[in-house]
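Below you'll find the structure, written out as structure tokens, and then a few comments.
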Amino acid sequence: MSTSSRRRRSPLELSSSRSSSSSSSSYASWASTTSPSTSTSTPPSLSRTTTVSTSHVFLFLLAFRLLNALSLRTFFQPDEFFQSLEPAWQTAFGETHGANGDTICGLPSILCYLLQFILSPTLPRALFVSPPHSAILSAIGDLYTWKLARYVYGRRSHEAWAALALTVLSPWQWFCSTRTLSNCLETTITIVALNLWPWEWSSESTPTVQPRRNTRSTTRDTGLDNTGDGAVVVRLRKCLTLAALACILRPTNILIWMGLAGVAWFRSAWRERTILCREVLLCGVSVLTGSVVLDRLYYGLWTFPPLKFLYFNIAQSLAVYYGRNDWHYYATQGYPLLLTTALPFTLVGLYRTLSQSQSTINTRNVSVQTQLAAICLLMPLVLSLISHKEVRFIYPLLPSLHVLTAPPLVDFFLPAVSRSNGAYMPRRLSLVFLLLVNITVAIYTSVYHASGTLNVLSYLRDQQQAHTTVDKSAYSPGSSQRITAGFLMPCHSTPWRSHLVDPNIHAWALSCEPPVDLTEPQKAVYVDEADQFYNDPSQFLRENMVGGLRHLPRKPSYLASSKSLEASPQAYQQATPHEWPDYLIFFAQLEPTLHSFLRSSSYGECWRTWNTAWHDDSRRRGDIIVWCLDPTEQAAWRSATRKRTLEHRDHQFDRIVETLRKNAPAEILPLDSMDILSVRAIGLLNLVLVLALGTTQTVLVRNPVTSLEEVLMDPSDMDLAKIFQEEN
């Protein structure tokens, strides 16, 4: 059920099936007979590069993705927690510990079984377990993207290195590839399987499968260059096994393999068709049987999660409950988000590939490009028929898109970087600009955008730790105090128990359970708890909180004389009506509303963190604010806020003084200490007037570094006002 635990397993399987030495030589024979892509106009002298060891490339990618995984500080999709880490936490520690996993659709239970041996109740290791394994999976995906490009364009072609550069410098890859999403694992499995697919079957220039001669010698060689019957069957078997795993994980992945299998069926001989059908049945039934058995062991009953996936999203149309998108979403938003600055080159690559003449399509490399382009169009086209769309649904296509993007990228930038001709300067500047844009987008989305949803959970852990280590309460001496938290946010706005970790943190959040098994009339009027709150916050708080808006607690539960909470985290989370918590967490958009309802209560701001500069959901805009009942914490936060404000103002004054020193006439320099004090006094006076009058037009000083006698409010002199505006 946990994506991160599946990630723990897959690298071992993949690395055991193909060692780095065999991988580096797997393309040698085929590449020696294949020229670079005919779709590129790169001169032959520029189409070759030096050979680099595959193991060295993988080590670089592994280090790069490990840095990538450890640098993630932001929230992307609830599924990266509620369909991976949360179910794993529940499996490891039991339902009573408050994990809130999404088990409606279910993922193969082997994921949770693997992860439960990693998690530890003593330390928040769950926060550090997934990055290394996610980095390994992402690095494998990058490596096999490069390998597929080498297969298509030649081992030493610039196009292969361009494909590697595209995947390494992709903002989407940096933002998404190391997350605990099932789509990330699906993408890695898909690109590895594409490397094992018998592309030669759909190319008329490739000899058909020959009768088996020496099974022992050929079955051990799984390289793509070997056309022996035994080697092709072994390679196909591995490919279909991985493809079946990807389809079990995400049933929509079958669209990729239906397209490739259809082309192979129509363009291959009957013997190859027989082999294909036999292996599809063999691998499909084997993987399906294993999945059903594992699910039976985990759930305790016979179930088939992929069927539930289709029933949930297609038959009951419950996917629409989580959002409805335009039919052109994947064309106008999906591809631009996946490709960012590479989108123009991708469009050129797709056009070139699909406009190839019939005579060139039969060649091996062009045939592979054509099939990759076909599946890159087929999958979004079919998924566009479903109302609910997300860019991550087409994420498995990104490696193939990078392979197709490489030739136009090389054609455009290679002459600019390999020649010193000044005529190529605009292209060089364009390359630098695109790199800067990619780096900026990657850093912002992975470090800053939606970072508050993770930071607030760290704050709650710190508060619980503080109450545990400094416990002076007379009501429970020698024991750790339990704190309570309530999240007045849209559902699944933050991770849950996998990040709260401490079972002494009791928390509840607004829910949004889908209307499963309801009739159509019932679905039409169904409103979940989160929507009920945002539709009418006042009524919701009166009817769904203990005591309503009239009887609110005056001090936190850990300072109250009543007995500490005896209920489990799960029971506290599911209790209705909700208890007023020690800590109330919400987005800044809701602050004015709560101020009007709770202004006479003991709640006050005790922490705030930056979350986003913008958000497509208006309910999630602004900072994340924490109100608490503890007056000591409120006073400490006010004191810290004032201190930061004063430090910021002092810094502003220093900048103003420095600016005045630089702009002052030479005959009155250097300034003595009295001049500096005069300027600082003037700056303070100006700031007070700005805050009081709300305008800078009256905050003016003529030649402030001359003497205090000329400190005048002259509306005609705008010098200092302009400086003040520029500095702020």
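Placement of Cβ uses the backbone N, Cα and C atoms for every residue, glycine included.
Here Swiss-Prot flags 12-46 as compositional bias 'Low complexity'.
Annotation comment: Swiss-Prot describes Asn365 as N-linked glycosylation site, evidence class sequence analysis. Under the three-state DSSP scheme, Asn365 (N-linked glycosylation site) falls in the helix class.
The region 'Disordered' annotation in Swiss-Prot covers 1-46.
The annotation transmembrane segment is assigned in Swiss-Prot to 52-72 (among others). Within its own chain, the transmembrane segment (52-72) is flanked in space by residues 20-21, 23-24, 130-132, 134-136, 138-140, 142-143, 146-147, 164, 168, 174, 177-179, 446-447, which lie at least six positions past its ends and keep a Cβ under 8 Å from the stretch.
Here Swiss-Prot flags 246-266 (among others) as transmembrane segment.
If you look up Swiss-Prot, you'll see 274-294 (among others) marked as transmembrane segment.
As annotated by Swiss-Prot, transmembrane segment applies to 330-350 (among others). Counting residues 6+ beyond its ends, the transmembrane segment (330-350) has Cβ neighbours under 8 Å at 39, 166, 170-172, 373, 376-377, 380, 383-384, 389, 391, 393-395, 397-398, 401-402, 404-409, 412, 434, 437-438, 441 in the same chain.
Look at Swiss-Prot and you will find 366-386 (among others) tagged as transmembrane segment.
The transmembrane segment annotation in Swiss-Prot covers 393-413 (among others) and is backed by sequence analysis.
Positions annotated as transmembrane segment by Swiss-Prot: 429-449 (among others).
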Proximity of the transmembrane segment (246-266) to the transmembrane segment (393-413), 3+ C-beta pairs under 8 angstroms:
yes
Report, as numbers and ranges, every residue of the chain located at least six residues beyond the transmembrane segment (393-413) whose Cβ falls under 8 Å of a Cβ in that stretch; write 'none' if there are none.
37, 39-42, 141, 144-145, 148-149, 152-153, 158-160, 162-163, 166-167, 170, 172-173, 176, 183-184, 186-187, 190-191, 194, 246, 250, 252-253, 256, 330, 334-335, 338-339, 342, 345-346, 348-350, 352-353, 369, 372-373, 375-376, 379-380, 383, 427, 431
Looking only at Cβ atoms, how many others are within 10 Å of the one on Asn365 (N-linked glycosylation site)?
25
